[in-house]
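K.L.:
The structure follows.
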Amino acid sequence: MGMRMMFTVFLLVVLTTTVVSFPSDSASDVRDDEAKDERSDMYKSKRNGRCCHPACGKHFSCGR
């Protein structure tokens, strides 16, 4: 293959990868939003005054 042909194939691969990544990126944004809407276990345990996670364990008792 000549240099022009190799460059053309390279451009096609780059453009195809870019076009395919846009729809999957927006789908992952929706999943991120859904995950943020649900409250985490760590947050729930903070509301009850208990937390066994190392990040909040120094502020709350584990309750075990």
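For all residues, glycine too, the Cβ spot is worked out from N, Cα and C.
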K.L.:
Let me make sure I read this right: Swiss-Prot says Cys62 forms a disulphide bond with another cysteine. Which one, out of Cys51, Cys52?
P.N.:
Cys52
K.L.:
Suppose we draw a 10 Å sphere around the Cβ of Cys62 (disulfide bond). How many other Cβ atoms does it contain, all chains included?
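P.N.:
I count 11 other Cβ atoms within 10 Å of it.
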